[in-house]
Structures are given as C-alpha cells and as structure tokens.
Amino acid sequence: MKTVCLLNGPNLNLLGQRQPEIYGRETLADVEADCAKLASELGLNLRALQSNHEGVLVDAIQAARQDAAGIVINPAAYSHTSVAILDALNAFDGPVIEVHISNIHRRESFRHHSHVSARADAVIAGLGTEGYRAALRRMAQLLA
Ligand code: DHK
C-alpha cells in the first residue's frame, strides 16, 4: 500500500479554534481522522504530521523520500516565506499537492505568493477543510 504524507504547518494545530470564520470549525484531529478514513477507502496509507517549526517540516519531507509516494501539504504561513520547504519538496520525486483552506488570493497581498506552488503538481485554495479530501482524491489518481 502506498503511503501519502499529510503535512500541516504553523498554527494549524489550532484549527477549529483559530479564526473559524476563515478556517472553519473542523479541528485538525477531525481532518486527519477523515483523511485517514478516505485514504484507506482509496487504497492508500496516510501519515499525518503538523509542526509549528520549519525545520521539522523539512525533516518530514526528507523522510518522505524514503517511504512515501506523495505529499499533501498545507505549509500555512511558510508557504509565503520558506525557500527551505520548497528546496526539500524539489528533492522529493513523487506528486505534491498544496492545500490552503482559505482563498489566499482574496486575502492580504503578502499571502498571494506561495514558494511551494513552484513545485506543486496541484494547488487547492478556498475549499475550506474539504480541500484536504479533494487533494487526497487527486493524489489517488496521480498514484494509480
Ligand atoms: C493557513 C495559514 O495559516 C496562513 O498563514 C496562510 C493558510 C493561509 C490556509 O488558508 O490554509 O496564509
């Protein structure tokens, strides 16, 4: 069974509590549990990690080189700042799908650019937490 890494960046541990008018009321635990269930329906194994630390996310992306077929990542604020996460993703061979819960293009201008989009095979923004499930469905197609 192929493994997909679901990576979430800073402040997404507060999903459900933090600015629910933007990020919704579903918690990260809800999202990860739903994604694990959907992944098994799609014949995939899910490994989920959230970190508030850029280097931990870089380490997780490097570890994915060993045993993961694809990466679904919401880099959160690091989308807009992190060349290190882009470099790590560029060293990963499988498909990468970038998720933003909100429509970053309708928000402050500093959120409009994502470094990660230069590497992503697909970018999902503005679907709310449904974006993670959409990403997994697309990932299953890409890995079929
Ligand atoms: C999440 C964040 O935490 C922000 O820093 C990004 C992203 C947008 C999201 O929409 O999921 O700018």
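Each residue's number is its place along the chain shown, starting with 1.
Glycine residues also receive a Cβ, built from the backbone N, Cα and C atoms like all the rest.
Taken straight from TrEMBL:
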SITE      Arg18  site 'Transition state stabilizer'
ACT_SITE  Tyr23  active site, proton acceptor
BINDING   Asn74, His80, Asp87, Ile101, Ser102, Arg111  substrate binding site
ACT_SITE  His100  active site, proton donor
Out of the recorded positions Arg18, Tyr23, Asn74, Asp87, Arg111, give me the one sitting nearest to the residue listed as 'active site, proton donor' by CA distance.
Asn74
Is Tyr23 (active site, proton acceptor) helix, strand or coil when read with DSSP?
helix
Count of other CB atoms lying within 10 Å of the CB belonging to the residue listed as 'active site, proton donor':
22
For the substrate binding residues given in the record (Asn74, His80, Asp87, Ile101, Ser102, Arg111), what is the largest pairwise C-alpha separation in angstrom?
24
Cβ atoms within 10 Å, counted per site: which of Asn74, Ser102 has the most, among these binding-site residues?
Asn74
Calculate the distance in Å between the alpha carbons (Cα) of Asp87 (substrate binding site) and Arg18 (site 'Transition state stabilizer'), and round it to a whole number.
29
If you count Cβ atoms within 10 Å of the Cβ of Arg111 (substrate binding site), leaving out that atom itself, what do you get?
17
